[in-house]
Each structure stands twice: as C-alpha cells, then as structure tokens.
C-alpha cells in the first residue's frame with residue numbers, strides 16, 4: 001500500500017492509542033502506598049547508590065576519551081588532512097537500563113554505543129580499537145563477538161562490565177551535541193549499524209514519551225523486580241527483556257499521567273491481564289519515513305502476523321521487541337499478570353503488603369512433569385560458548401513442544417543451574433535448565449502415547465548444526481534432555497531449591513541486571529539468570545547416564561519385549577516405533593505411567609543428540625521401576641551410583 005493509504009489505515013485509536021484514562025491527582029493514600037512500595041523494594045538492592053553512579057560516570061568518560069583518541073589515530077594512519085582530524089569527534093552513547101535510569105545496585109554492566117564518522121569501518125572497530133582496548137591496564141576479560149545479530153565487544157573497564165556496539169554515520173564528523181533521534185542519521189547505513197543505533201534511539205524515545213520520569217522509573221524498577229522474582233524476565237528464552245518491560249510501563253504511564261508508582265503498578269496488571277493479545281502495544285502512531293526501511297506491519301509482512309505478543313519499539317524503523325514470545329510464554333506471563341492484579345488489589349485495600357508481590361515463583365512445585373535440559377563440555381571456555389548457544393536455542397525446543405497436540409504449556413525456567421556434583425563423576429562443566437509441562441486432558445482414550453522424540457531431536461539437531469556453522473563444536477560438548485516427574489527432581493537439585501515455601505530470605509537473593517541470582521550455600525555453588533552471570537559448574541552429565549546401564553543399543557533392543565511383558569497387567573501400551581521419549585497418557589489427569597527408552601537416571605529418560613550410545617527400556621508401573629530385570633519400588637532405594645548391566 002502507498003504511504004497515503006497506510007496513514008489512512010492508522011487512526012489514532014486503531015492499536016489502543018487512546019487518550020489518558022485518568023488525570024486525577026494522587027491522594028495522600030497513594031503517597032503512603034508508594035512509600036511502602038519503596039520500602040519493600042530496598043532490601044533487594046534495586047536502588048543504585050551515589051558511589052556506584054560516580055564510578056560508572058567516570059568509566060564512561062574515560063571510554064569516551066579513548067574512542068576519540070582512537071578515531072584520530074586511525075585518521076592519521078589513513079592520511080587524512082590535519083585540519084579534518086582536529087574536528088572528527090566520536091562519541092559514546094548509553095542505552096538500556098543505565099540510560100533509562102533504573103540501574104540496580106551491584107549490577108555493573110552498561111550497554112553502550114560507539115558512534116564514529118564515515119572514515120571508520122566496522123573492521124577497524126574490531127581490529128585496531130580491539131587492540132587499543134587490549135593495551136589498557138583497566139580493561140579485563142576482553143572478547144569480541146563479531147558474528148552476533150548485533151556485533152559487540154565485551155570487556156570489564158575498572159570493574160564495570162561494558163557491552164559496546166558500533167555504528168558509523170555517513171557524515172565526516174561526529175559532534176558532541178549529536179542527536180541520534182533524527183531519522184536522517186540512518187541514511188546510507190548498513191543493517192548492522194542501524195541495529196546498533198536502534199538501542200539508543202528506542203531508549204531515548206521511551207524517555208521522551210513518558211509524562212513523568214520519576215514515576216516511570218520507580219514503577220519500572222518495581223515491575224522489573226517482580227518479573228525477575230516471578231521468572232518472566234528473559235528475552236532470549238521467550239519472555240520479555242528490559243526494553244519490552246520498559247515500553248509496557250511507559251504505556252501505563254501514558255494512560256495514567258498523574259498517577260504515582262503504587263497506582264501505576266496496579267494499573268499495569270489490570271491493563272495487561274485483560275489485554276486483547278495479539279493486539280500490539282504502541283507508544284505512538286506508526287510513522288512513515290523517506291528511508292523506506294522495513295518496519296513492523298502485519299498488513300505488509302506476512303511473518304508479522306504470527307507474533308503472539310507484539311510490543312512495538314517507538315523509534316523508526318519500528319520493530320517488534322517480543323518476536324521470541326511463544327504461546328506458552330505468553331500464557332505464563334498472562335497468568336502472572338492476573339496474580340499481580342489480585343495481589344496489588346489486596347495491597348491497595350490494606351489486606352496485604354508489597355512484599356507479597358515479590359514472593360518468588362515456586363517453579364518446582366508448579367508442575368507434575370518436567371524436562372531437564374543439560375549442556376556439558378570438558379573445559380570451562382568451551383562450556384561458556386556452548387551454554388550461550390544452547391540457551392539461545394531453548395525457545396526452539398519450547399516451540400517444538402508446543403506443536404505437540406497433547407501439550408498445552410511448555411514453561412522454561414529462565415534461571416539455569418549447575419550440575420549436581422553428587423551425580424556427576426567425569427571431569428567437565430554442566431549447566432541445567434528445567435521446563436515444566438502441562439498436558440491436555442484426554443477424556444476419551446484409555447491409553448495415549450505422547451511422543452516427544454521428534455521435537456527434542458529436532459532441537460538438538462538445530463543446536464549441533466548451528467555450533468558446526470559457527471565452528472564452536474568441540475569434543476565433549478553434549479546436550480541431553482531428561483524427562484522427570486516432580487517427585488524425582490531431587491536427583492538434580494538440592495532440597496532448599498525444591499522445598500515449597502512462600503517467602504525466600506532476602507539475604508539469599510542478589511539481583512543481576514540480566515536475571516535473578518541465588519546462593520546455594522550447602523553446595524557452595526551459584527545459579528544464574530542468563531549467560532551474563534555464570535557460576536561454578538559441576539562435572540559432566542555423561543557419567544550419570546552410564547551409571548544406570550552399560551548396555552549397548554542391541555542389548556536394549558533384545559530385552560525390550562521381555563521387560564514390558566514382565567511389567568504385568570498394569571503396564572502401559574507399547575510406545576510408537578519412533579525411537580526416543582514417549583509419555584503414555586492413561587487418565588484425564590495425565591498422572592500416567594511412563595514407558596521410556598532411556599539412558600538416564602532411574603527416574604527419567606534421555607534424548608542425547610548425537611551421543612545416544614547406550615539405550616535401555618524402562619517400565620514404570622504404579623511407582624515401581626524395572627531396570628534390566630531388577631525391580632525397584634522406590635526411587636530413593638536406587639542410588640544413582642548403582643550400576644545395572646545386561647547380566648543382572
């Protein structure tokens with residue numbers, strides 16, 4: 001459609017861009033509730049102190065001078081005239097949480113953008129500037145990720161973690177008063193520079209569009225804390241990232257421009273628990289531009305029509321910041337919105353306090369069925385690369401599971417965990433993610449086999465293929481998916497992680513900018529929220545799998561029929577011929593017995609990518625586990641260190 005017809009199809013209220021709902025001034029009770037909200041948030045370290053703020057400002061000043069110095073040196077090496085070199089400029093811009101003014105205490109990472117004039121190439125940034133950083137005493141842990149969607153150099157500068165992206169402008173100089181909000185700065189740029197600029201442009205536009213910055217920032221701090229505590233803060237895993245939460249809060253601020261944070265938090269849950277998804281959330285009307293860059297528009301782009309929870313960035317070119325969201329992750333978030341509405345209604349009525357809003361999710365008590373996804377590697381360096389790739393692809397597994405006709409929810413816990421040292425013997429490093437499953441109720445069929453093999457195998461194939469393409473696949477890198485029931489999670493996690501409790505000690509929580517972190521004092525291990533925050537890893541998962549059975553594939557095939565017959569009259573129907581993981585459903589409540597091909601602990605089953613060597617048919621019959629002819633009546637009576645062989 002032409003520019004004119006597009007504008008005609010965008011009336012102001014078409015996408016929910018209505019006038020403010022309430023202009024009423026705040027009352028004394030609103031002020032009281034807001035002060036109580038602030039007091040409830042303080043123990044979680046969401047407010048930055050002046051000393052940290054000064055340190056970050058100092059680091060950014062040094063980095064800005066370093067960039068200008070590098071640009072001048074580069075110009076000299078390219079024989080530019082001295083008169084031009086004197087005015088080249090160059091500048092560091094910040095974006096994300098730091099730029100929004102919602103940086104948290106102890107969260108030291110800063111998202112920054114290096115803007116350079118036209119004579120500077122991207123290759124210069126990743127070569128000569130990288131070398132310049134390497135020679136700085138203050139710079140540690142320097143690494144470049146040049147093939148990322150948004151290429152970045154990561155490093156620590158005086159203890160402050162910096163994620164620095166790059167964009168060159170089609171102009172000979174970069175002045176200190178440069179305004180990146182002007183669309184003309186995007187002219188003649190490649191897509192990677194546009195993506196780099198987008199972070200800063202979107203952040204600045206959000207700040208421009210909110211009516212009251214103080215109320216916006218306090219509300220956003222509360223919502224981000226709530227999202228991390230409730231396990232719905234992770235863009236990479238299909239929930240929402242920082243910029244998406246900021247845009248949702250900004251929209252509520254637009255609707256209630258005079259409201260204080262306590263009211264805005266309540267209205268946030270009211271509006272978005274009832275939002276008519278996939279109707280998009282926009283902070284301003286979609287605009288045309290002379291640059292003709294691709295923008296989010298489901299009328300023009302067929303792929304945009306499949307976005308289930310679109311939240312559209314306000315800066316040109318407008319994009320959907322939540323394309324990773326799936327039907328499962330949206331359902332989980334809407335459920336949390338509804339809980340948040342109930343809790344804040346109680347708080348504002350004086351029936352509860354704000355600490356209840358920030359109670360952590362009991363993820364390991366929420367579901368009856370789980371998949372444990374394990375990524376392991378022999379060395380720490382390989383493991384860091386490996387888990388970064390695996391984590392970025394977990395949403396592919398969630399999508400595969402959602403497409404199974406018997407699964408309604410596949411909920412991944414954003415927090416990953418180190419492997420349990422009591423279960424793993426071989427040297428190596430292990431990270432685990434947990435997915436909760438909800439199955440559809442089957443009313444008519446007496447027995448139904450839910451085959452998860454194809455979805456899991458497709459996911460592992462995708463990861464291995466991507467690792468090969470990126471040339472990071474090394475010996476010892478493995479992915480394994482293990483099905484377990486809730487009562488069997490104790491094989492993988494310590495008791496304090498699994499126990500059901502309504503409140504978690506504030507002293508056990510440290511809040512990271514990329515997710516929730518918690519201390520596990522009994523094991524001396526750390527758990528983390530995303531690839532930015534990593535703790536120690538336990539040894540490899542492979543020894544655990546080998547503890548259960550040393551049978552090869554042929555031996556497992558030989559005894560398959562014998563074991564299933566020995567299960568007796570209570571045994572379930574034989575799974576389909578496809579090799580892998582089947583969950584037979586025998587009653588409407590899905591509390592089914594399970595027949596699985598496995599090389600995992602006695603409580604689960606495993607699909608192990610390209611490393612599926614040992615196979616074992618296991619029958620679970622009303623709480624009894626048959627392993628190679630040995631009957632085990634209680635999982636606890638079968639310690640993981642026990643070996644089973646074909647002879648037994």
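Cβ from N, Cα, C; glycine included.
Keep in mind that TrEMBL annotations are predicted by a computer and have not been checked by a curator.
Of the candidate ranges 171-190, 191-210, 211-230, 231-250, TrEMBL annotates residues 231-250 with the feature transmembrane segment. On the 0 to 100 pLDDT scale, the domain 'Poly(A) polymerase nucleotidyltransferase' (16-210) averages 91 in this prediction. Broken down by DSSP into helix, strand and coil, the domain 'Poly(A) polymerase RNA-binding' (426-503) contains 27 helix, 23 strand, 28 coil.
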